[in-house]
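**Q** So TrEMBL says this about it:
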type	residues	note
SITE	ARG19	site 'Transition state stabilizer'
SITE	LYS26	site 'Transition state stabilizer'
SITE	ARG157	site 'Positions MEP for the nucleophilic attack'
SITE	LYS213	site 'Positions MEP for the nucleophilic attack'
Amino acid sequence: MFREKFVSVIIVAAGKGTRMGLELPKQYMTIAGKTILDTTLYKFEKSNEIDEIILVVNKEDMEYVKSEIAENYEKITQVVQGGSTRTESVFEGIKSVRSDCSVLLIHDGVRPFVSYNLISSCVENAFLHKACIPVIDVIDTIKEVSGDGFVEKTLDRQKLKSVQTPQAFDFETIKQCYMNAITEDAVFTDDASIAEYYGYKVKTIEGLPRNLKITTPLDLRIAEILASVY
């Protein structure tokens, strides 16, 4: 029943990779002979759940991405210039999504180890619940620390989850949320937090430990190992 509906994904690849300490943005670094972004795009290109890919990149990367990357993927319908924040970048992507889209996924371009099963589960649960995010257990003890460096309290780890992407939503719901959020003087750390802000309940599903976001040099080393397996 779900495949009668149109499903789009926004791949957010507008980061500058400053935490890597390198001039080359991390999404264009290579693992196992392919750029991180290519590895990510391939999963959505080959997923039977996805009809359309919107790729959001930095202004200075537009021509390179259009000529060297986007041409290799049939499902990429738009390469869009990102904004100054992630929220602005996603909103630019949303404006390019087809009007008949039913479910929209939003995914970090530097999470290349997403699985086809996870993509399918996100789509299914977005149809059922309007908003869905993959999560994994928090392993370390988490403490709330004051500004002067002292522990204020230890949080209940059983109630905490680490959140991943793709995050999936009923398209009209998340579109309206973003149209409102773009005018707010508030900081949103992910897409689900915007839906939560406007009163929507977000369903959690089991994520993948390997579905890491490549942010640091250590992440890149781990990704090189994972690329030899997945």
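Glycine too: its Cβ is placed from the backbone N, Cα and C atoms.
Heads up, TrEMBL stuff is auto-annotated, nobody curated it.
Not measured: the values here are computed from a predicted model.
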**Q** If you count other CB atoms within 10 A of each CB, which of ARG157, LYS213 wins among these recorded sites?
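**A** When each Cβ's neighbours within 10 Å are tallied, LYS213 leads.
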**Q** What is the number of other Cβ atoms found within 10 Å of the Cβ of LYS26 (site 'Transition state stabilizer')?
**A** 26
